[in-house]
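*Asks:* The feature domain 'Orn/DAP/Arg decarboxylase 2 C-terminal' is assigned by TrEMBL to 16-360. Summarising the annotation, TrEMBL assigns domain 'Orn/DAP/Arg decarboxylase 2 N-terminal' to 28-271. Feature annotation from TrEMBL assigns N6-(pyridoxal phosphate)lysine to Lys47. TrEMBL lists Gly226, Glu264, Leu265, Gly266, Arg267, Tyr362 with the feature pyridoxal 5'-phosphate binding site. The substrate binding site feature in TrEMBL is assigned to Arg267, Arg303, Tyr307, Glu334, Tyr362. Residues or ranges marked as active site, proton donor in TrEMBL: Cys333.
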Amino acid sequence: MQFPIDRFQQQTTPFYYYDLRILQNTLEAAKRAVEEYDNYHLHYAIKANTNPKILKQISLSGFGADCVSGGEIKAALAAGFPASSIVFAGVGKADWEIKLALEAQISCFNVESIPELYVINDLAAEQRVRANIAFRITPNIDAHTNAKITTGLNENKFGIAMEDMVSAVKEAKSLPYINYMGLHFHIGSQILDCSSFAVLSERINELQDQLDAESIKTSSINVGGGLGVDYEHPDEHLIPDFKKYVNTFRQHLKLRSGQQVHFELGRSIVAQCGTLISRILYIKGGHHKKFIILDAGFTDLIRPAMYDAFHLVQNLTTTAQKVEKYDIVGPICESSDVFIKDFNMPEGKRGDLIAFRSAGAYGEIMASQYNCRPLPNSIISE
Ligand SMILES: *Cc1c(COP(=O)(O)O)cnc(C)c1O
C-alpha cells in the first residue's frame, strides 16, 4: 500500500487515512462474488465504520445497510442507503429507535427476544403499519474467534435459542402488526476458517426442516457477517476472499424456492482501506525494555487494549537498517494503553510517522475522548 507521506507531514497527528481505491476494489470484489445469484443480497454493517465518505461510497455501490441503533439508521439514511435495504438488529432496541425504524419503513427488524416482538407489535399498531421481522436465532456454534467477538453460542446474550424458534415464529404469526419474514444469524467476527460458515449452513438447514414440518413459509435467510481479514499480512491480502465465503453458503445452504439470502459484512469491507497514522513523541529506554511513546492511544484505536487485537505497525519515516525490539504505547494514563509488546521494527526517532494497518473497521468509530483528548481526524485519498 502506498501512502502520501508528504501530505501526512502537514497533518496534525493522530488521524485516520482512508484509501478509497482499496475500498472500491473491495466493494467490487464482494459484488462479483454474488453477481451470478439474483437472490443473494449484500448489506454493509454500519457499525464497523460510519465515516460519511466511506458510507457514501458503500451506498453508491448498491449495498444495503445493517444497523444496530437508531443513530445508525439515521446515518445510513443520510448516506443514501434506501430504507427498503435497511435491516435493524440489536438485543436492546429502545422504543424511540423502533418508532424511528417504523416511520422510515425499513425492510426488516431482526428480533432478538419475545418481549421485543410484543413491543414492536404495539408500536406498529400505533402507527397502523405491519412490521417485517426476522428472528435472530442463536445457532450454538463456536466460531473459533476471540471470546469477546463470538456471538453464536448459547452463553451469549444474542438471539433466541434454537429450541424456542418454532414457538417464537408461531407467536409472531399470531400478531396482527407483525409480518414474519425469516431467520437471522450472526455467529461472530474475524472468522477466517470457512468451515464455521459451513456448520452454520447445516444448522440453518435443520431449522428449515423444522419449519417445513410445521408448514411455515420463510422468505428470507440472513446469515450475518463475520468474514475476517489478514491483519498480519495486509499487503498480501488486501481484498478478502469473498468468492470462497459466498461459495461456502452456495454449497451447504439448502434454500427453499424463492428464498432470499442476505449477508451483512462489516470488517471485511472496510478494515484494509483504513490506517491510523501517529507520530513518535519519545523513545524511552527502560532498564529492561525500550518504549516507543506515540501521540495515539487507545482513545484512537481501542482494539489492542480491548481484544488483544494485532495491528501491523510500520514506521513510514525511517530508513534505518538497525532493528530494535519495542513496546509501542500511547499517552493515556492507563497501563492497558499498549498497542503491542516486544515488537521488532527499524530503529525509530522522535517525529517519525507510525502507521497502524488494517484499522478501517472498529477503529475511528470506537474512538473516545477519555483524558479530554480530541477525537482523531480523518483524511481521504485523492
Ligand atoms: C457486527 C455485526 C455484523 C458485522 O460483523 P463483521 O464481523 O464486521 O462482518 C453483522 N451483523 C450483525 C448483526 C452484527 O452485529
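Including glycine, each Cβ sits where the backbone N, Cα and C put it.
Mind mapping these onto the model and telling me what they sit next to?
*Replies:* Across the domain 'Orn/DAP/Arg decarboxylase 2 C-terminal' (16-360), mean pLDDT in this model comes to 96.
Counting only residues at least six positions away in the same chain, the Cβ atoms of Cys67, Val68, Glu72, Gly266, Tyr362, Ile365 sit under 8 Å from the Cβ of Lys47 (N6-(pyridoxal phosphate)lysine).
Its Cβ taken as reference, Leu265 (pyridoxal 5'-phosphate binding site) is surrounded by 24 other Cβ atoms within 10 Å in the chains shown.
Within the same chain, residues at least six positions away from Arg303 (substrate binding site) with a Cβ under 8 Å of its Cβ are Ala309, His311, Ala359, Tyr362, Gly363, Met366. Under DSSP, Arg303 (substrate binding site) is assigned to a helix (H, G or I) in the three-state scheme.
Residue density at Cys333 (active site, proton donor): 9 other Cβ atoms are found within 10 A of its Cβ, drawing on all protein chains shown.
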*Asks:* Does Glu334 (substrate binding site) have same-chain partners at least 6 apart in sequence with Cβ under 8 Å from its own Cβ, and which are they?
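*Replies:* Non-local contacts for Glu334 (substrate binding site): Phe298, Ala305.
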*Asks:* Any idea which of the binding-site residues Tyr307, Tyr362 has the thinnest Cβ neighbourhood at 10 Å?
*Replies:* Tyr307
*Asks:* Would you list, in sequence order, the residues of this chain other than Gly226, Glu264, Leu265, Gly266, Arg267, Tyr362 that have their CB within 8 A of the centroid of the site's CB atoms, where the site is the one recorded for pyridoxal 5'-phosphate?
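*Replies:* Leaving out the recorded residues gives Ala45, Ala48, Ser189, Gly225, Leu227, Ser268, Ile269, Ala361.
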*Asks:* Among all the protein chains here, how many other CB atoms are within 10 A of the CB of Arg267 (pyridoxal 5'-phosphate binding site)?
*Replies:* 25
